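Features reported for this protein in TrEMBL:
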- ARG40, ARG46: NADP(+) binding site (BINDING)
- ARG134, ALA135, SER136, GLN255, ALA256, GLY299, LYS314, PRO315, ILE316, ALA317, THR318, ARG340: FMN binding site (BINDING)
- 92-116: region 'Disordered' (REGION)
Amino acid sequence: MLRWLTAGESHGPELIAVLEGLPAGVPVSLDEIREDLARRKLGYGRGSRMKFEQDELHLSGGVVQGVSIGGPVAIRVGNTEWPKWTEVMNPEPTELSEKSRGRGAPLTRPRPGHADLTGMQKYGFAEARPVLERASARETAARVALGAVARAFLRELGITLVSHTVALGDVAVPAGARLPRPEDVAALDADPLRCFDAGTSAQMVVEVDDTKKSGDTVGGIVEVLAYGLPPGLGSYVHWDRRLDSRLAGALMGIQAIKGVEVGDGFETTRRRGSVAHDELHVVDGEITRDTGRAGGIEGGMTTGQILRVRAGMKPIATVPHALPTIDTATGEETKAHHQRSDVSAVPAAGVVAEAMVALVLADAVTEKFGGDSVAETRRNLQGYLAAIPDQLTTAIES
Ligand SMILES: Cc1cc2nc3c(=O)[nH]c(=O)nc-3n(C[C@H](O)[C@H](O)[C@H](O)COP(=O)(O)O)c2cc1C
Ligand SMILES: C=C(O[C@@H]1CC(C(=O)O)=C[C@@H](OP(=O)(O)O)[C@H]1O)C(=O)O
């Protein structure tokens, strides 16, 4: 079993992340985690903070000489915005000096669509600062760092992940377009929207520009693919063992994600059963499926096909052309608070979604194959595959 937790606020000193249950012997590279943190900042449409904030990475436990040793992996990601917030966000009671008064002014104009108002009601705050500090997707930097470690573990077992943007507002990648493969990741990261179709990406750039010009924000859809998965991760025997349920929960747990699809998802509901599933045939003595409509999951278990899941992100709630709200200090109608925000963070959400899928898959792998070292996990995986009778053998798509 893998467990993970994050702590820290958007303008606090740092984010903290812990991953417990990782077997020993996984190569963990600081550079690789840094690269992933940098990928999370990519994407046309992100706000100014992405340009000046650095993610200061520290590995504080669980890795020695570049290899996991079986103990909890502890990661710190420093917020370089912190020096401006040392008074307002100080853990000890601190009198605000003149320079911090503006920054520390009570936020009493909650943004519709953000956590502000309900967070104030629920936790008993008179203003939204303590709410937005933790609700903020700054926290996703910690998850991406953990996801990079989970991905390194999966790679040792021949499992690789890819994420990409498939829609931004109304602009979508055409149906039937080729799926990006692991060797396409560099090209994806070089694209301003992390979109694999150059023509669609160019239209998405225009969509971001138009949205920005009109003082608005825009959402979209990201897709995560996993190659090289063995059949049988997850289970049908109980709802909370179903891999699709666990993936959906993990993806919905990302800020601003409002919908999840597995495989063809809602499109499947519009089809007749005869064209909705992935038929079984025998080719060269091996069971094969010609289509991937189910997204590589049947009965809550991986089938050995490419795993394909999608997450839909709503438009950013901090709309520059601010939305009507109530000033909770006066009870009067006013406009929501706004300083800066992303126009779109859809490409970044793809990188976060990839991290969450990596964590869920790594958890499912440790559950099925166990192992205190990655060598043991690999042996158990190989033994399991070898024990599947020939007449039940399917190809693993990698
Ligand atoms: C990568 C990423 C960046 C985000 N950036 C912003 C932002 O700049 N402004 C904003 O209002 N919301 C942003 N959000 C979304 C909010 O964090 C989210 O809407 C808020 O926490 C409320 O949660 P909910 O939308 O799931 O209800 C971002 C989300 C992600 C995943
Ligand atoms: C800091 C990050 O994203 C932030 C997520 C976010 C929100 O409300 O979720 C609001 C913005 O923060 P600020 O209001 O300070 O500019 C984003 O910049 C990040 O992703 O590293």
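Including glycine, each Cβ sits where the backbone N, Cα and C put it.
Note: TrEMBL annotation is automatic and uncurated.
Here the structure is a predicted model, which means the values were calculated and not measured.
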Distance [Cα-Cα, Å, rounded] between ILE316 (FMN binding site) and ARG46 (NADP(+) binding site):
10
Calculate the distance in Å between the alpha carbons (Cα) of ARG134 (FMN binding site) and ARG40 (NADP(+) binding site), and round it to a whole number.
18
Please list residues from the chain of ALA256 (FMN binding site) whose Cβ is under 8 angstroms from its Cβ, counting only those at least six apart in sequence.
ALA137, GLY219, MET313, LYS314, ILE316, ALA317, ALA345, ALA349
Quick one: among the binding-site residues ARG40, LYS314, which has the most Cβ atoms sitting within 10 Å of its own Cβ?
ARG40
Count the residues of the region 'Disordered' (92-116) that DSSP assigns to helix (H, G, I), to strand (E, B) and to coil, and report the three numbers in that order.
4 helix, 0 strand, 21 coil
Which entry in the list of binding-site residues, ARG46, ARG134, has its Cβ near the fewest other Cβ atoms, using 10 Å as the limit?
ARG134
SER136 (FMN binding site), number of other Cβ atoms within 10 Å:
15
Which binding-site residues among ARG40, ARG134, SER136, ILE316 have CB under 6 Å of ligand 2?
SER136
If you pair up every Cα among ARG134, ALA135, SER136, GLN255, ALA256, GLY299, LYS314, PRO315, ILE316, ALA317, THR318, ARG340, the residues annotated as binding FMN, what's the maximum separation in angstrom, rounded to an integer?
44
Number of Cβ atoms other than its own within 10 Å, given for ILE316 (FMN binding site):
27
Please check each of the binding-site residues ARG46, ARG134, ALA256, ILE316 and report the ones with a CB atom less than 6 Å from an atom of ligand 1, ordered along the sequence.
ALA256, ILE316
Take the C-alpha atoms of ARG46 (NADP(+) binding site) and THR318 (FMN binding site) and report the distance between them in angstrom, rounded.
12
